[in-house]
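Quick notes on the structure that follows.
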Amino acid sequence: MYAESVNAPEKFWAKQANEQLVWRKPFKKVLQWKPPHAKWFLGGKLNVSENCLDRHIGTARENKAALIFEGEPGDVRTITYRQLHFHVCRMSHFMENLGIKAGDRVAIYMPMIPEAVIAMLACARVGAVHTVIFGGFSAEAIKDRINDCQAKLVITADGGWRRGKVIELKANVDKAVAGAPCVHSVMVVKRCGNPVTMVEGRDVWWKEAWEGAPNYHDAKAFDSEHPLFILYTSGSTGKPKGVLHTSAGYLLGAKLSSHYVFDLKENDRYFCSADIGWITGHSYVVYGLLSNGSTVFLYEGAPNQPEPDRFWQMIDRHGLTILYTAPTAIRAFMRWGDNYVLRHRLDSLRLLGTVGEPINPEAWMWYHKMIGKKKCPIVDTWWQTETGSIMVTPIPGVTPTKPGSATLPFFGIKPMVVDSDGKEVPRNSGGKFVITQPWPSMLRTLWGDDERYKKAYFSEFPKHPHYYFTGDGARQDKDGYFWVIGRIDDVLNVSGHRIGTAEVESALVSHPAVAEAAAVGKPDDLKGQSLVVFVTLKSTATASEELKEALRAHVGKEIGSLAKPDQVRFAAGLPKTRSGKIMRRLLKELATNGSVKGDTTTLEDFSVIAALQSDE
Ligand code: ATP
Ligand code: MG
């Protein structure tokens with residue numbers, strides 16, 4: 001099937017689009033590719049929300065759970081497909097009555113509650129373009145994003161539960177909207193019951209909006225290329241970019257990959273721990289799973305509330321069968337200790353997945369043994385906000401896995417590792433990771449900044465203007481497996497040797513004293529770059545000069561003496577984005593200048609940087 005998909009891609013995608021999606025009007029042309037711009041399924045019309053809901057109504061799935069929700073305080077709600085359809089219909093009416101038209105932008109700033117999914121699907125139903133802003137962002141970050149896309153409506157909640165406390169979402173929206181005159185209306189879900197100020201004529205309670213609306217909504221059909229959503233990337237590398245995805249191609253990528261990568265079965269109960277504020281939440285909580293008619297488990301809160309075994313408890317309680325999470329979470333579970341896992345059966349699980357960063361083999365093995373009990377396949381999925389859906393991944397039961405490698409490309413995807421001229425490098429050498437053919441769920445542009453789109457993704461190789469540059473560095477091994485070794489800006493060049501951050505970090509984490517590590521380069525007159533590593537220790541280990549020496553020796557032994565860190569620094573915590581990724585850019589600045597001046601709006605916790613600066 002893979003060979004078919006890359007040898008005759010248009011034929012493959014046409015067949016998939018016809019089989020997987022419900023069309024109101026068939027498409028006439030599969031692809032128009034004028035690099036760097038692609039249009040897919042031209043002439044076709046569909047409604048994305050109809051593809052996630054109406055298609056299941058009147059079938060055996062109608063009364064199946066679409067969402068099983070567990071709030072942090074322990075409240076549980078189950079919503080069937082029929083009920084979800086009904087909620088979305090009502091909200092669609094309400095939004096239309098507010099004057100929201102196709103193409104208008106709507107910001108969603110909500111906790112992980114069913115209403116967040118309802119809001120997204122209602123936008124899709126009326127053709128409004130949603131931009132989901134992760135509930136952990138500050139008022140300032142909301143304001144920037146709302147202004148960038150000129151949103152008219154903001155959908156939020158009074159608050160959300162996080163570690164037993166209420167995050168005051170509505171108060172943040174009020175501050176943001178004060179600096180965003182484009183916003184006319186704010187809709188508020190009552191979640192925590194914390195006091196909020198409702199602005200007369202602007203703000204409306206969700207429940208009141210919902211009560212007055214009719215139950216059925218006749219969805220209009222939109223062009224295949226109608227914009228579906230804008231999503232601002234997490235910002236590991238700088239100012240957030242407004243990635244634009246459109247309707248048919250995106251949905252096809254999300255649906256097809258969900259089906260094959262998670263090997264979905266009718267009785268699955270699927271849990272993805274990503275927030276809907278990230279692309280993983282868009283594609284693999286909402287669109288990919290609901291279009292397949294799956295049961296999705298939603299959890300509102302923190303993984304260690306009330307205790308670090310919350311996930312394992314919920315897996316047993318609800319009989320969840322698939323878990324999709326991130327390496328940063330897996331490393332936290334490891335740090336919290338095996339006892340929290342061993343209290344639970346976890347025998348409903350049959351498949352595990354990971355996404356977001358390279359997973360170090362140590363964490364992969366722990367996930368395999370501790371959580372998967374050596375019987376669940378692991379899918380390590382490489383993809384990006386920009387790619388819309390999974391690009392490199394094993395197919396469970398088909399692709400033999402190697403811990404740390406996302407293995408082989410998904411259907412229709414042709415990646416390559418190239419040098420600076422765009423020429424393919426020999427196997428086992430590191431290089432720049434590109435995708436050489438367009439695919440349906442690729443981003444179409446950056447909202448309001450097509451120049452930045454061209455520059456960021458299609459100008460790296462002037463001789464190959466159709467190569468999509470991922471920004472990542474990778475290596476392909478003798479079996480053709482892909483190993484992402486880190487972001488190209490982070491790849492180290494020590495005395496002429498290219499060393500991936502992921503490789504050094506994996507070596508460090510395989511030492512029994514280390515919980516987490518980040519490797520960065522610091523300019524060095526002699527070597528070009530010298531290697532500085534920041535290390536957090538397990539609670540059982542103590543920092544000492546001897547340990548630093550031991551860690552240097554350990555990396556030397558694992559990779560070779562050229563990768564021996566020049567400097568080892570112990571840290572209480574590493575700076576991370578709000579999606580949990582290490583911000584090496586800040587550590588690099590810190591190692592080089594002793595302080596940080598770069599953009600820190602997406603940093604989760606500034607005190608981590610402050611602590612590192614004061615250690616200098
Ligand atoms: P920004 O682009 O704003 O700096 P970001 O790249 O962190 O933010 P995402 O689109 O969420 O935002 O993340 C995609 C990146 O995450 C990939 O380019 C890659 O570096 C990393 N990544 C994701 N999944 C994997 C994986 N399975 N293995 C290795 N790296 C991965
Ligand atoms: Mg990125």
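Cβ from N, Cα, C; glycine included.
TrEMBL labels come from automatic prediction, so no person has curated them.
The annotation CoA binding site is assigned in TrEMBL to ARG162, ARG163, GLY164, LYS165, THR280, ASN304, SER495. According to TrEMBL, the ATP binding site annotation covers GLY356, GLU357, PRO358, ASP380, THR381, TRP382, TRP383, GLN384, THR385, ASP472, ARG487, ARG498. Taken from TrEMBL, the feature Mg(2+) binding site covers VAL509, HIS511, VAL514. As annotated by TrEMBL, domain 'Acetyl-coenzyme A synthetase N-terminal' applies to 1-52. The domain 'AMP-dependent synthetase/ligase' annotation in TrEMBL covers 60-439. Positions annotated as domain 'AMP-binding enzyme C-terminal' by TrEMBL: 503-581. Taken from TrEMBL, the feature N6-acetyllysine applies to LYS581.
Feature annotations (TrEMBL) mapped to structure.
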residue	record	contacts (Cβ under 8 Å, 6+ apart)
ARG162	CoA binding site	GLU72, GLY301, ALA302, GLN305
ARG163	CoA binding site	GLU72, GLY301, ALA302, ASN304, GLN305
LYS165	CoA binding site	none
THR280	CoA binding site	CYS272, ALA274, TYR324, VAL355, GLY356
PRO358	ATP binding site	PRO327, GLY404, TRP483, VAL484, ILE485, GLY486, ALA502, SER506
TRP383	ATP binding site	ILE279, VAL355, SER389, ILE390, MET391, VAL392
VAL514	Mg(2+) binding site	LEU508, VAL535, THR536, LEU537, LYS538, ALA541, LEU551
Review point. For the binding-site residues ASN304, THR381, THR385, SER495, which one has its C-beta crowded by the most other C-beta atoms within 10 angstroms?
Key: THR381
Check your understanding: What span in Å does the CoA site cover, taken as the longest CA to CA distance among ARG162, ARG163, GLY164, LYS165, THR280, ASN304, SER495?
Key -> 50
Review point. Which whole number is the mean pLDDT over the domain 'AMP-binding enzyme C-terminal' (503-581)?
Key: 92
Point to revise | Whole-number Å value of the largest CA-CA distance among GLY356, GLU357, PRO358, ASP380, THR381, TRP382, TRP383, GLN384, THR385, ASP472, ARG487, ARG498, listed as ATP-binding | key: 26
Review point. Three-state secondary structure of VAL514 (Mg(2+) binding site) from DSSP?
Key: strand
Check your understanding: For the binding-site residues ARG162, GLY164, THR280, PRO358, which sit with their CB under 6 angstroms from an atom of ligand 1?
Key -> PRO358
Check your understanding: Any idea what the Cα distance is from THR381 (ATP binding site) over to SER495 (CoA binding site), rounded to a whole Å?
Key -> 32
Check your understanding: Helix, strand or coil at ARG162 (CoA binding site), per DSSP?
Key -> strand
Practice item. Could you check which of the binding-site residues (GLY164, THR385, ARG487, SER495) sits closest to VAL509 (Mg(2+) binding site), going Cα to Cα? Key: ARG487
Practice item. Starting from the Mg(2+) site formed by VAL509, HIS511, VAL514, give every other residue of that chain whose CB sits within 8 Å of the mean position of their CB atoms, in sequence order. Key: GLU362, ALA507, LEU508, SER510, PRO512, ALA513, ALA515, ALA517, VAL535, LEU551, HIS554
